[in-house]
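Student: If you look up Swiss-Prot, you'll see Cys2 marked as active site, for GATase activity, on the strength of similarity to another entry. Taken from Swiss-Prot, the feature L-glutamine binding site covers Arg50, Leu51, Ala52, Ile53, Val54, Asn75, Gly76, Glu77, Asp98. The ATP binding site annotation in Swiss-Prot covers Leu231, Ile267, Ser341, Gly342. According to Swiss-Prot, the compositional bias 'Basic and acidic residues' annotation covers 555-572. For 2-185, the entry in Swiss-Prot reads domain 'Glutamine amidotransferase type-2'. As annotated by Swiss-Prot, domain 'Asparagine synthetase' applies to 210-450. As annotated by Swiss-Prot, region 'Disordered' applies to 555-578.
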Amino acid sequence: MCGILAVLGCVDNSQAKRSRIIELSRRLRHRGPDWSGLHCYEDCYLAHERLAIVDPTSGDQPLYNEDKTIAVTVNGEIYNHKALRENLKSHQFRTGSDCEVIAHLYEEHGEEFVDMLDGMFAFVLLDTRDKSFIAARDAIGITPLYIGWGLDGSVWFASEMKALSDDCEQFMCFPPGHIYSSKQGGLRRWYNPPWFSEVVPSTPYDPLVVRNTFEKAVIKRLMTDVPFGVLLSGGLDSSLVASVALRHLEKSEAACQWGSKLHTFCIGLKGSPDLKAGREVADYLGTRHHELHFTVQDGIDAIEEVIYHVETYDVTTIRASTPMFLMSRKIKSLGVKMVLSGEGSDEIFGGYLYFHKAPNKKEFHEETCRKIKALHQYDCLRANKSTSAWGVEARVPFLDKEFINVAMSIDPEWKMIRPDLGRIEKWVLRNAFDDEKNPYLPKHILYRQKEQFSDGVGYSWIDGLKDHANKHVSETMLMNASFVFPDNTPLTKEAYYYRTIFEKFFPKSAARATVPGGPSVACSTAKAVEWDAAWSQNLDPSGRAALGVHVSAYGEDKTEDSRPEKLQKLAEKTPAIV
């Protein structure tokens, strides 16, 4: 990941303005510590802080077309850049950067080229021939981008809010799958997949199509000129990413440079579920595994930094971002600059434990659509900013455009959790990789119950956060929360504590409006809380709030014969239909 900042039409091309742009861009340097670039044309500025992943020697930005009339600053990876270059043979490329194709595609197709890009990206392009500009963000919002407006009529774009929040009174998250055009005067959606309408699909489930499409998604993301690894918690999603990556690593260009030994990383409190499961999967796959330990106090000490970098006060995001933030620092110290991660699967397949209570396939499917549309405010935000805080790039194969289209076209009846048929959450994905002849994973890992990252690193992590917040937020403070924070009022002491820290860094009303709100249980949307009347009394984003579902649910007996464990064993015995 890199950091980008663009200021366009600011009616000021003075040296003081240039210095201010450099100062603001420096706030993003953690995202791209390898090099800095700045393009100035009259009163337009494109700044770039580079994390060199592809073509480290010559791919510095901003990037240009042949005569430099088109300049572009990009944060992202374009996985199909070689195929796109094949159709641009009349153009002269200056670098081997995957992002340079953007300038030349614009020359060929004007603004209608964004859908050709297969990757994660946020970019701003300036056409100096008529001083027009466009900005665009990838389909799901894997890559962060904000848009703001200066009092002088200027338009601002930045990878993180901290680069524009002081100079813009009005700003917001740039919506995923959209393009901003100065010629057309606003935003429009470029990404319009069939599932976006939330109409219930009817395509029969084909496990081999699911498997093959996911494998292609992982292979694409092995495009790198620097050392990389996989974040391996031992859960289904990260384990599948690691397993598939390992199978194809030997054939990749990355193996020629860095060897075919896959590095995997896991973090947790001492004795946590993730450490145990991650070690077991790493041993099974034969990876070079790195276990990182932290204490509750280590996490608490990092909370302020986490909120500053991740730019949110959402409880579940902060809980999960903190261990990921700590792990990323260690990963960077080992010389690794890119990691593969398992975000997105739970949204696509209904993997969160509250999906057990989905009343029918229509509501199940609509909830998965809502979850995917909101990913840029939650898991994408966490995965990107927690790692980018230390100059590490996270790639997410489950959020591949083609894979999402395949998975979201499946009749949701197949995704429904059916104890009577031995189908636990994400059975569609588990079954697709249940290969008896050439196993991807051990059965008990393939059918391990979902653990949210903030739970899996150790249950005492969340309990410790709550205890810490209770010491800093009194009952009186919480009772008066609606007066202190009338917008998106915190409902718990933990939420209040995070909000006070956030407001210290980002005091403007526009900043707090970038953070989502509303009731949630076990990471549900507000709409899904209606599925179980009991949930309204236990609004906690932890998976343990899914009473009657999680094997370690709050206030429930943790016995060996609990119903979810029985269901897991039944699922392991259910014959695969691959």
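Cβ atoms are placed via backbone N, Cα and C, with glycine included.
Situate these features within the shown structure.
Tutor: Within 10 Å of the C-beta atom of Cys2 (active site, for GATase activity) sit 29 other C-beta atoms, taking all shown protein chains into account. Annotation note: Cys2 (active site, for GATase activity) sits in a coil segment as assigned by DSSP.
Taking the Cβ of Arg50 (L-glutamine binding site) as centre and 10 Å as the limit, one finds 25 other Cβ atoms among all the protein chains shown. In this structure, Arg50 (L-glutamine binding site) is part of a beta strand by DSSP.
For Leu231 (ATP binding site), applying a Cβ distance below 8 Å and a minimum sequence separation of six or more within one chain yields Ser238, Thr264, Phe265, Cys266, Met324, Met327, Val339, Leu340, Ser341, Gly342, Ala394.
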Student: If you measure every Cα to Cα pair among Arg50, Leu51, Ala52, Ile53, Val54, Asn75, Gly76, Glu77, Asp98, the residues listed for L-glutamine, what is the largest value in Å?
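Tutor: The L-glutamine-binding residues span at most 13 Å between Cα atoms.
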Student: Taking just the CA atoms, what is the gap between Cys2 (active site, for GATase activity) and Arg50 (L-glutamine binding site) in Å?
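Tutor: Here the two Cα atoms lie 5 Å apart.
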Student: I need the neighbours of the L-glutamine site defined by Arg50, Leu51, Ala52, Ile53, Val54, Asn75, Gly76, Glu77, Asp98. Which other residues of that chain put their C-beta within 8 angstroms of the C-beta centroid, in sequence order?
Tutor: Met1, Cys2, Gly59, Val74, Ser97, Cys99, Glu393
Student: Report, in whole Å, the straight Cα-to-Cα distance of Ile267 (ATP binding site) from Gly76 (L-glutamine binding site).
Tutor: 26
Student: Determine, to the nearest whole angstrom, how far the Cα atom of Val54 (L-glutamine binding site) is from the Cα atom of Ile267 (ATP binding site).
Tutor: 27
